[in-house]
Amino acid sequence: MKSGFVAVAGKPNVGKSTLINALMKRKVVIVSDKPQTTRNRVNCILNTQDAQIVLVDTPGIHKPLHKFGEYMVKIAVNALKGQDLILFLIDPIDKIRESDLNIAKIIKESKIPTILVINKIDSATPEQIKEAEERIKTVLDKNSNIIAEFKISALTGENLSELLEKIIDTLPEGPQYYPEDMTTDRPLAFMISELIREKIFHLTSEEIPHSTAVVVEEITNKEDLVYIRAEIYIERQSQKGIIIGQKGRMIKKIGMLARKDIEMLLDDRVYLDLYVKVKDKWRQKDSIIMNTIGLKNDLQ
Ligand SMILES: Nc1nc2c(ncn2[C@@H]2O[C@H](COP(=O)(O)OP(=O)(O)OP(=O)(O)O)[C@@H](O)[C@H]2O)c(=O)[nH]1
Ligand SMILES: [Mg+2]
């Protein structure tokens, strides 16, 4: 069989996680319209008739503003190392910026075969697409490791089957790395915390989503449902009121939407108990980032 690891890389918000869900034909990783949604590496396992493709979701590579951001970028850059193939996503609507050119340089130096993927063609103009192509090729020229180029829409699915065919074509003959029934390499508690965090990203704005972390503290199978207790970390006392909302409306909404997604994931009824905790400036604190939010393994 064909098998291998395919890292999906690019700056924040280019559609990396959306593309992975589209190729997986189900929602596995979380998505939002805000940059820096993905914070960890997540391996998503796609089994086809004669291939196993491990799609590696990565945080967007950007110029970090705090310790947590530095770790996210480190995780993303580390996640490229030793992979069989890279999908390098760019967004022609947002134009090609310094961060795209930096990622292009990292990719060029890696020498890993790379497919250049121009995403969001459903909304980009032909001029925007042409300009993006030309700009990125100032770094990734003919002599670089770009083996193919695709113009796609992760949102509408345009050209995705062709892209998938090319990915399989490029992968080597290899073993089945993961059991067939496994969808990701992350534990259930992590996937649940991500679904809660996604709702916070959807429902809040400005600095709130980025100041938030979610940790699942308990998952207990009860007679007729699964009891889940999770803590939402925020950085300042003043943010607590926003997450809880007037008469508790915001936290109720986060809980209700997250519960629906978690019930789909577990295929069971869920009672979701959410608590909000102030962890003063957690994004600057190694001990919380490493131990509580669990980045330790990713950074090694
Ligand atoms: N129009 C359009 N929007 C898209 C497409 N793909 C993704 N998006 C939107 O782009 C935004 C970001 O998508 P994500 O998949 O979260 O992007 P990401 O690259 O994983 O972002 P980070 O995790 O922050 O690095 C969302 O609002 C998506 O709906 C596309 O093909 N067309
Ligand atoms: Mg993402």
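Cβ atoms are placed via backbone N, Cα and C, with glycine included.
Straight from TrEMBL, the features:
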- 10-17, 57-61, 119-122: GTP binding site (BINDING)
- 2-173: domain 'Era-type G' (DOMAIN)
- 196-280: domain 'KH type-2' (DOMAIN)
- 10-17: region 'G1' (REGION)
- 36-40: region 'G2' (REGION)
- 57-60: region 'G3' (REGION)
- 119-122: region 'G4' (REGION)
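Counting only same-chain residues at least 6 apart in sequence, those with a Cβ under 8 Å from the Cβ of Ile61 (GTP binding site) are Ala9, Gly10, Lys11, Pro12, Val73, Ala76, Val77, Ser99, Asn102, Ile103, Ile106. Around Ile121 (GTP binding site), the C-beta neighbours below 8 angstroms that are at least 6 residues distant in the chain are Pro92, Ile129, Lys151, Ile152, Ser153, Glu158, Asn159. Within 10 Å of the C-beta of Gly10 (GTP binding site) we count 26 further C-beta atoms, all protein chains included. Cβ-based crowding with a 10 Å cutoff singles out Thr58 as the top-ranked of the binding-site residues Asn13, Thr58. Ligand 2 lies within reach of Lys16 from the binding-site residues Gly10, Asn13, Lys16, Thr58, Ile61, Ile121, judged by a C-beta closer than 6 angstroms to any of its atoms.
The 6 Å Cβ screen around ligand 1 retains Lys16 from the binding-site residues Lys16, Thr58, Ile61, Ile121, ordered by sequence position. Around Lys16 (GTP binding site), taking its Cβ as the centre, 30 other Cβ atoms fall within 10 Å, counting all chains. DSSP assigns Lys16 (GTP binding site) to a helical segment in the three-state reduction. Per-residue pLDDT, averaged over the domain 'KH type-2' (196-280), rounds to 97.
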